Structure formats: C-alpha cells, structure tokens
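Features reported for this protein in TrEMBL:
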TRANSMEM  22-45  transmembrane segment
TRANSMEM  57-78  transmembrane segment
TRANSMEM  90-118  transmembrane segment
TRANSMEM  130-150  transmembrane segment
TRANSMEM  170-194  transmembrane segment
TRANSMEM  225-243  transmembrane segment
TRANSMEM  263-287  transmembrane segment
Amino acid sequence: MSAPPPNTEAGSIPGLQASQTLYGYVPTEWICAIFIALFGLSTLVHVGQAVKYRLWWLYPTIIVGGVCEILGWSGRLWSSHEPRQLNPYLMQICTTILAPSFMTAANFTILGIIIRLLGAQYSWLSPRMYLIVFLTFDLIALVGQAVGGAQASLAAIGGRDPGPGGKGRIMCYFIIVQMAAISLYTIAAAEFLIRYKLNKPVRAVTFPGDGQPAKTRTMDRGIKLMLLGMVISTIFILIRSVYRTIELLDGWGGPIITNQLYFNVLDGAAIVVAMYAINFFHPGFLLQDHARTLGRKPKPDIIDEEPKQEVA
C-alpha cells in the first residue's frame, strides 16, 4: 500500500498542503452559528404553521429545504474548526445546493392554488397540469443535482478536481435547469396575472353540470399579500441560483467559490429571506382553507343530527 502524500490529514483531499483549506478560507464560526439559528427558527415556525393549518404538503417542500440548510451550515460550522476535513465540506456543498429545490416546489404549489382561485381560464395550463409540469422540472433538477453532488464528492475523495471540467459540471447543469424552471414559472405567473387584470382569458371555463361560464374571483387582500411573499421568495432564490451557477462554472478552486462574503450574502442570506418571506406571508393564514385543499372547494363538515321527533 502506498503512503499518503505528504502534508495531508485523514479525511482531507490527497495532496492538499498543510497551509491550504478546502474553501480557500476558514468559515467564520459565529456567522455559521447565526445561519444555523436563523434556518432552525424558520424551519421550526414552518413546522408549527404546517400543523396549525394542516398544510401537510409543506413538509416535503420548504420544511425539508430548511433541514438541508441547517445541515449545510452545520457542516460549515464543523469546518470552522477543521477546515481541511473533506466530509464537512462535501456535506455543506451538497445540502446547500439541494435545499432551494424544495423551496421552489412550495412556490409552484402556491401559485397553482392561486390560479385555481382566480380563474384557470387565464392560464395556458390547468392548475393540475401547472403543478405536474413545474414540479417535474423541479424533481429533475433535484435528482440531477444529487447525482452530480455524489459524483463530485467521489472525485474530490479521489483527489481529482470536481470543477467545471470534472464531475462538478453535472451539478452546475442541473442548477441551470432549476434556474430555467424558475424563470418559466415567473413568466407564466406574470402572464396569468396580466390576463386576469385585463380580463383576457385563454379559454372559456364552465361549471360542471350547468354549462354556465365560471365566474372570476376578486383578488382579495390575502391573495395580494401571498403574491408579494412569493415575489420576494422567488427573487432571492433566483439570485442564489445565478450566483451558484457562476460559482460552479468558475471552478471549485476559483475566486468566486473561495470568497466567503459572496457565499454568505448571495447564498445564505438570500435563502434566509426566501424562507422567512413564506413564514410572514403564509398560505395557511392568507389563503386559509384553500391552501389545505390546494384551491379546490373544501368539503363541508358532516354533522350528525338526531332526527326530530314529531309532536303528537
């Protein structure tokens, strides 16, 4: 068995010099702790809100995304003490890459609910097809990034550069897929709202049974605030996606990925804003029962009543 290269430690990339770190810097401990606290609080609030409003679809979406961010920043906190160790480095890069995919899934779901509420006649796709199309895009991006992250990890463990010319390019390609999905979703949402405002439906929609045209729902304050929250969340997720694309194209040893300030602001802070936007502008509060039923008409509660006795 050959001896390990000089100036390396167990668990670090082979050939890494004693004066080098995997990041190009040492993650700042207190900053990592702040982000863990911020993501932990937001995720905990999301869990409470999901239980309160019975929005179980939030668990596999934004709540899982929050857990990924907690794991990612925990890896960076670990690295603040052992910056040359490979495991925490791979842990943080893979989980922070994956986390926003779960958050965009929540935004896609919320927009599908709003389309169903305001009128499917203003959308090129039905609310059901809208969810199928964009959630499929999101799933493809998620799986692709997971596969790319695994291959990049294996390359790093083997001492190979997983940058744009290596296995890391797969992650980059699927971040671009995710960014394209967010862009298409934004365009589709904007067109829907413009058509609604101008009352220019794509097609006629009728109520089942009576054949009468479906009426347009007034955009109330709750829907307006929900749209504001989604705009804030989407903008910051998109900012993060652009940054991570440029970062990975620049390489795992390039000047962008080795700049801690860029990561803290354009990834960490951006996703904090995206998560808290949905905490404050929450579908359970603003869309009420429609969020629980995904925009479908809630079924009335069945009340068992004792039959009235006839008076003799």
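Using N, Cα and C of the backbone, Cβ positions are placed for all residues, glycine too.
Each of 57-78, 130-150, 170-194 was scored by its Cβ pairs under 8 Å to the transmembrane segment (225-243), and the highest score goes to 170-194. At the 8 Å Cβ cutoff, the transmembrane segment (22-45) and the transmembrane segment (170-194) share fewer than 3 close pairs (sequence separation 6 or more) and do not count as touching. Through the fold, the transmembrane segment (170-194) approaches residues 97, 100-101, 104, 107-108, 111, 115, 118, 122-125, 130, 134, 137-138, 140-145, 147-149, 151-152, 164, 200, 227, 230, 234, 237-238, 241-242, 244-245, 248-249 of its own chain, all at least 6 residues removed from its boundaries and within a Cβ separation under 8 Å.
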